Amino acid sequence: MKAVHAVLALPAALRNSAAAVLGIATVLAALGVDYALAQLAMIATFAIAGLGVVIIVGQAGQISLGQGALLALGAYVQALLVRHGVPALLALPLAVLAGMAGGWLASLPAQRLGGLYFAMSTLAFALIVEEVLVRWSTLTGGAAGLLVPPPSLFGWSVESAAAQAVFSLACLALAWLACHRLLDASLGRAWRAVREDEGAAAASAIDPLRAKRSAFLCGGALSGLAGALYAHWIGFLSPEQFGLLLSFELLMLAFIGGVRTLAGAWWGALVIVAIPQAIAVLRDLLPAAVAHTAGLEAMLFGVVLVAMILLRPQGLCGPSPGR
Amino acid sequence: MLSFVQVLTSGIAIGCVYGLVALSFVLIYKATAAVSFMQGEVLMVGGFTVLALNVGLGLPLLPAILCGVVLVATLGAGLERSVLRRALGQPHLTAVLLTFGLGLIMRGAVTTVPAASHGMHRLALPFGDEPLRLGALAIAPQHLLVIVATVAVAGALSLFFRHTRAGLALRACSENPQGAALVGIPVAAMHTLAWGLGAALAAIAGVLLAPITFVHLGMGLIALKAFPAAVLGGMTSLPGALLAGIFIGVAEALAGLLLPEGGKDVVPYALLMAALLLFPGGLGTALRQLRR
């Protein structure tokens, strides 16, 4: 009883961090350290991809239904280069460039289309990319897939879960810093102006087309980076990993976390990676007939998405509408 | 030449299914300005519902189809009442994500039924699937059935939109919701009707698709090819959507005949890209401009 009173008497900040430490300790104990670290690497990777969605959708206000294809470009460029003996650190910028090139391509229809029609064109872009990856099997291995070796940095192979987590967190930190600076710069203001009102933005000497294109270039670069990391951590690529489902999963991620803030990408990634883990835990509690099917995961994803959009459309860490 | 005609009929048949799904997109989009990403899943649920009624409960085929379509329409209307109504007036992405989430739930729910998730299922046709022979020409009866049923549905819809109070009210609502409300049309009820009708159309498409591709979890993917049809038809034209669906079906079938393997699957999306860039108003508008 005394201990409870002592905890309640602590200042709020201390209490929160104590709770966080306790939470992390529970997760580590439940999952095992290596497993938790591998999941952390995945969270950081998804968060980088989420930053791309935050910039394109949350900041510039464009609907992109083709993020998965941008990730695919980064992932395949990285995998193919590393397989041909290019050092991972040298391949990484090229994968980012591939993502950027994809973003540029996807943004081209913006010259003629706006709003929903432009969104449809990103969907068509993504479906065409996926089909090309399947069919160009001499390069990509087609539907059979492609094995990806772990990256090596200056002769040190990033194979252990801890190294993966550190490497992805470092990439996330760099990407985060870059995004943070961009959002405060004139480019970020241009994005938000275009999001609020294209006509007004154009009247204030902001070229909406340039703003959209730069948003897709940045979003593409982030997706390329995320794709390259994803390729290494999963170790195996096949086109169907990058289908429409991934594009929507990334949109979901951003909307769950809060699509207008950079922090949203992190929290969204946490939820997206945690849901399958929650299912794994729940599976032990449910009757065997229901528990052994893959449907539960899709259902829970759907329920979380619908509930978020209905109950908290600004996302987990977005500002309340009253403010 | 013969194989050409046979490929053409199968293209028209599958195109009719694209067209019906595109019709459901356009119907919903016109009435509520929402883009529904769950029509494919509704189609799949429709197929499974009819299958369950027919095989599981032992209803004869026709009553099973009727009951199934009505059930799925109720599902669509219920979803509008409970969830989709909240997307009104919100940015497009809200409706897109909501419908995608609902689609995931439907898909997950069907997957948890073990009997449904294992393999493909057949919906037996009452007259078997012996090909119909006209001289040397052989036409699969399921293809003919799809074409006949689509024509019937299109006719019924056109009668509904021209000669019934509800149909006229729905059209008024699509043209101008404020004006419709001012003359006493219950706009909210019309939205429910639009989602219900959209779901019913998708379910009918699912039933028609069943003899061609069987009933399975992935059959909803066909909705991805109905999107290009809806855009090609101009997003707001019901006959346009149906015709564009048939056009895409035929183009795809011909591409399968002429292009190397794999070219067939890209054709609808390449057409979508081309349509978006060249005639964003749809083929109908483009033709009208040409004539002027």
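All positions are counted from 1 along the displayed chain.
Just so you know, glycine gets a Cβ as well, placed from its N, Cα and C.
What TrEMBL says about a protein is an automatic prediction, not a curated fact.
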Given ranges A:64-82, A:254-272, the stretch to which TrEMBL attaches the annotation transmembrane segment: A:64-82
For the transmembrane segment (A:154-179), distant same-chain residues with Cβ under 8 A (at least six beyond the ends): 33-35, 37-38, 40-42, 44-45, 47-48, 51, 54-55, 88-89, 218, 222, 225, 229, 232-233, 262, 266
Closest-packing stretch to the transmembrane segment (A:88-108), where packing means Cβ pairs under 8 Å, from A:35-57, A:115-134, A:215-236: A:215-236
